[in-house]
Amino acid sequence: MEETNNSSEKGFLLLGFSDQPQLERFLFAIILYFYVLSLLGNTALILVCCLDSRLHTPMYFFLSNLSCVDICFTTSVAPQLLVTMNKKDKTMSYGGCVAQLYVAMGLGSSECILLAVMAYDRYAAVCRPLRYIAIMHPRFCASLAGGAWLSGLITSLIQCSLTVQLPLCGHRTLDHIFCEVPVLIKLACVDTTFNEAELFVASVVFLIVPVLLILVSYGFITQAVLRIKSAAGRQKAFGTCSSHLVVVIIFYGTIIFMYLQPANRRSKNQGKFVSLFYTIVTPLLNPIIYTLRNKDVKGALRTLILGSAAGQSHKD
């Protein structure tokens, strides 16, 4: 997106759902509601994991990292989207678009890797229980989490830097809800074969490879769980892993639809709704799924709330 396009002066026109005013008003309320719940849910999950010593384990360390990524990821999109939907002028500044491009892609890529790391953690816990503490050493866990954040940053710098260099020849209308790499590549007025190939490679590395690793991990996990003699033990193991698997299917499925499916095979509105799903809906699902399906988290949350209430009444 070179400055000769005047994009840096005029910004980009985000059409979103402006051609359907009633739908846009409805989505505004839904997105605002989901965003607030996502912030509250993920923040509560981070606080519980930090404040309750019983949750100072690798699983909850990665879960708190996931919640942190989700808060940042949805915040990189939702506020701008709400502002744009609530005003007549749908223009987004050039700098805002570029910043959103880098941040959203970096955080989304980090979450892709982090979910695979969490699958490995579950594999180690279920299939290597006697060596679990030795395998998932705190330094190793920190390295895995740091690697997930760093890998997202690196791929974002590479992919987005290539994208912003594309000449747009004055084109500044984005028929989408926010600035995203596939949409900006389509706006370019030159051959984008290299950019599309690079995006495809990045998508394979950050989507297909993690999904395959997760499936392999859960294959071993399923075998190990079926060998557990205790019905209660099997139920607990399946409950923990199924929660993670639900998040994985929803998150990867929607992003694969957006990034690996040819654009001519989906309608413009399909792409918009799919983008809403992995930027707004999925970050809300994580705290709900992990809280409602996890007795440890529910117990810790209950203790935290009751403790705060007791402390407040004692002061009074």
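Each residue, glycine too, has its Cβ placed from N, Cα and C.
These features come from Swiss-Prot:
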type	residues	note
DISULFID	Cys97-Cys189	disulfide bond
CARBOHYD	Asn5	N-linked glycosylation site
CARBOHYD	Asn6	N-linked glycosylation site
TOPO_DOM	1-25	topological domain 'Extracellular'
TOPO_DOM	50-57	topological domain 'Cytoplasmic'
TOPO_DOM	80-100	topological domain 'Extracellular'
TOPO_DOM	121-139	topological domain 'Cytoplasmic'
TOPO_DOM	159-195	topological domain 'Extracellular'
TOPO_DOM	220-236	topological domain 'Cytoplasmic'
TOPO_DOM	260-272	topological domain 'Extracellular'
TOPO_DOM	293-316	topological domain 'Cytoplasmic'
TRANSMEM	26-49	transmembrane segment
TRANSMEM	58-79	transmembrane segment
TRANSMEM	101-120	transmembrane segment
TRANSMEM	140-158	transmembrane segment
TRANSMEM	196-219	transmembrane segment
TRANSMEM	237-259	transmembrane segment
TRANSMEM	273-292	transmembrane segment
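A sphere of 10 angstroms centred on the C-beta of Cys97 (disulfide bond) encloses 25 other C-beta atoms. Confidence in the topological domain 'Extracellular' (260-272), given as mean pLDDT, stands at 72. When the topological domain 'Cytoplasmic' (50-57) is classified with DSSP, helix, strand and coil residues number 5 helix, 0 strand, 3 coil. Under DSSP, the residues of the topological domain 'Extracellular' (80-100) split into helix, strand and coil as follows: 13 helix, 2 strand, 6 coil. With a threshold of 8 Å between CB atoms, the same-chain residues lying at least 6 positions outside the topological domain 'Cytoplasmic' (220-236) that come near it are 122-123, 126-127. Residue counts for the topological domain 'Cytoplasmic' (121-139) under DSSP (helix as H, G, I; strand as E, B; rest coil) come to 16 helix, 0 strand, 3 coil. The number of other CB atoms found within 10 A of the CB of Cys189 (disulfide bond), across every protein chain shown, is 12.
Comparison of 140-158, 196-219, 237-259 by number of C-beta pairs under 8 angstroms to the transmembrane segment (101-120) places 140-158 first. In the three-state DSSP classification, Cys189 (disulfide bond) falls within coil.
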